[in-house]
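Taken from TrEMBL as is:
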- A:12-31: transmembrane segment (TRANSMEM)
- A:38-57: transmembrane segment (TRANSMEM)
- A:63-84: transmembrane segment (TRANSMEM)
- A:96-121: transmembrane segment (TRANSMEM)
- A:141-161: transmembrane segment (TRANSMEM)
- A:190-213: transmembrane segment (TRANSMEM)
- A:225-255: transmembrane segment (TRANSMEM)
- A:276-295: transmembrane segment (TRANSMEM)
Amino acid sequence: MTSLFLLQLLNGVQFGILLFLIAAGLTLVFGIMDFVNLAHGVIYMVGAYLAVSFTQMTGSYGLGLLLTLPATLLIGLVLELLVFRRLYDRPHLDQVLATFGLVMIVTEGVQIIWGAAPLSVAMPEALSGSIPLIGQMRYPVFRLVVIGAGLATALGLYLIIGHTRIGMRLRAGATSRAMVSALGVDIHKLFTVIFAFGAMLAGFAGAMVAPILTVDPGMGEQVLILAFVVIVIGGIGSVRGAFAGALLVGIVDTMGRSFGPILLRLVMEPAAAGQAGRVLAPMLVYILMAAILAARPTGLFGQKT
Amino acid sequence: MTQSRTILALLAASTCLAGPAAAQDDDTLTIGLLLTLSGPSAVLGEMARDGFQLAAEEIGDIGGMTTRIIVVDDELKPDVATNKARELVQRNGADIVVGPIFSNIMGAIAKPVVDSGAILISPNAGPSVFAGAECHRNIFATSYQNDQMHEVMGAYAQAQGFDNVFLLAPNYQAGKDALAGFRHSYEGGVAGEIFTQLGQLDYSAELAQIAAMQPDAVFAFMPGGMGVNLVRQYRQAGLETIPFLSAFTVDESTLPAQQDAAVSFLGGSNWAPDLDTPENKAFVEAYEAKFNQVPAVYAMQAYDAARLIDAAVREAGGVADRDALIAALEQAPFTSVRGDFSFGPNHFPIQDFYLTEVVKREDGKFATSIVEKIFEDYQDSYVGDCQMD
């Protein structure tokens, strides 16, 4: 049981790391630009599709991943210049409508280009195995790589935001947009950079999951909701909060799914426990969110306003 | 005379189809294909459409009549499907509707289709109600009854003497039916039973439990993209020493994405591309040449539906006399690519079922391959509830 617990903990961390990669970009855009971007999920999806195509073209997943990064950065730039720039001063409802329209357009476009059937990327040979963990338990190497890549990204973001000039502007922008603008910082340029960077992070997440999960036209929407939960728990605009929130959501979700029914069985009949566990497990994350918001209305690391 | 009638018809059509003006005449056979052609599951509908149209091209005039085939997408939404079905039978005057892929759509389209007097032929969905209590003389299935594929795997697990099988399915009606079907013919012990969220992508938590329990085998019902993820992650987690039994989880619609990860995984089916009949060889060859992919059961069952319609309409001498047409369909006067095929009194097939295994063929493509026959001339267990008037 202990080894199962450890394994599930590792699974939870891995899922959380993945959520962090998506939520990081979302929280930057939402927190600093005050912009609700429902299209963040489809950029993640496009990243995964591009990774599939680039991998097929170059024959190497590593190269495919490297090419995906500038490609999604470029997509972020183009979208910002063409669409989002016009929406910053509009109310949230307009932003929701416009980005939701974009979700539909991109999803349909992806189906036209790549087809509706799920695609996949062959995992690089060197990373495709599993390593023994404890006893019979094994853990896939690639999932360890995902954890490593996520931690590296988190560290990189921490350094950029905490210890560089652009990071300082970012933090200032998150606190008071008008003041930063008044001090002579070109806020539009800053927004373009943040947006493109956020898109690249989403694309990176998409490319990282392509060897584990299927690449299909519905993948963006499923993950977007959880990403919003993560940034609300962590505090909107806080990358540190997104990291904590993502790990929390990942671990609670994974643990709840596997140990919820087991724990319930201690107090209920097995059949009823199975039934209740099935109902409760998907709700746990949202219960967690409600509990955290009740205690800290701005999230774990949110600024008091 | 003919010319003026054509002009009149065109005029009527151009006035925005004000009513069923371009009425069907008696020597045209109108067939509506109502399939899921968008969304993540579109590939199943596309295969069925391609299979049907392949047969239609080979036959030419289906049933010796001028044939009009209308293809519509049900979007996997029951309300959309109801409207599209009504449109097909009322505005387009469809004599026969072939569809749907998914069982929940079947409930939505059956009534509008049969109420208009048209025939409904399911190329895939086989919900228990239409095989039993709500069977109807206008409804046929060229596929199977949903439980049967799972019963095949249950019977195999039983025959292998497994006594500790882990069951895995999504938490919705078909998932529950799947596990019930498996248990129908399996009496051994169950190591664990997990219902996952519908559309779940990551199965690491479930796979960890399987690794901890080390069951004799795993039985999974994970259609579409869920199966692709499960199978790949199962292999990545190093669980391939535990036999993987499944239904609708490893087939030719998912294999292009699963590839090597699915090799040697087992499934239950009423057919596989390498089934040894001359009709099947010809069908698989033609399909692969035309669409550059290996057909799955959905393509095969739609192909058979077209062959069935052709033979029955010829036998009945047209579609105007519905009673004669139904009587002809009941005789199944065609040679199925599956070989033995006949209809039970509930208009569901009586056919053989097989254990299949995923193989990598010499040309590098992946396909299922028949290992052994599990059931001979097998009929569903709901036929007793069917009271057809």
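Backbone N, Cα and C atoms are what each Cβ position is placed from, and that goes for glycine too.
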Could you tell me whether the transmembrane segment (A:96-121) and the transmembrane segment (A:225-255) are in contact, taking contact to mean 3+ Cβ pairs under 8 Å with a sequence separation of 6 or more? no
Cβ under 8 Å to the transmembrane segment (A:190-213), counting only same-chain residues 6 or more beyond its ends: which ones? 18, 21-22, 24-26, 28-29, 32-33, 40-41, 43-52, 55, 61, 64-65, 68-77, 79-81, 84-85, 88, 120-124, 127, 140, 142-143, 146, 149, 153, 166, 169-170, 173, 180, 219
Recorded stretches the transmembrane segment (A:38-57) and the transmembrane segment (A:96-121) touching, at least 3 CB pairs under 8 Å: yes
Look over the recorded stretches A:63-84, A:96-121, A:141-161 and say which has the most C-beta pairs under 8 A to the transmembrane segment (A:12-31). A:141-161
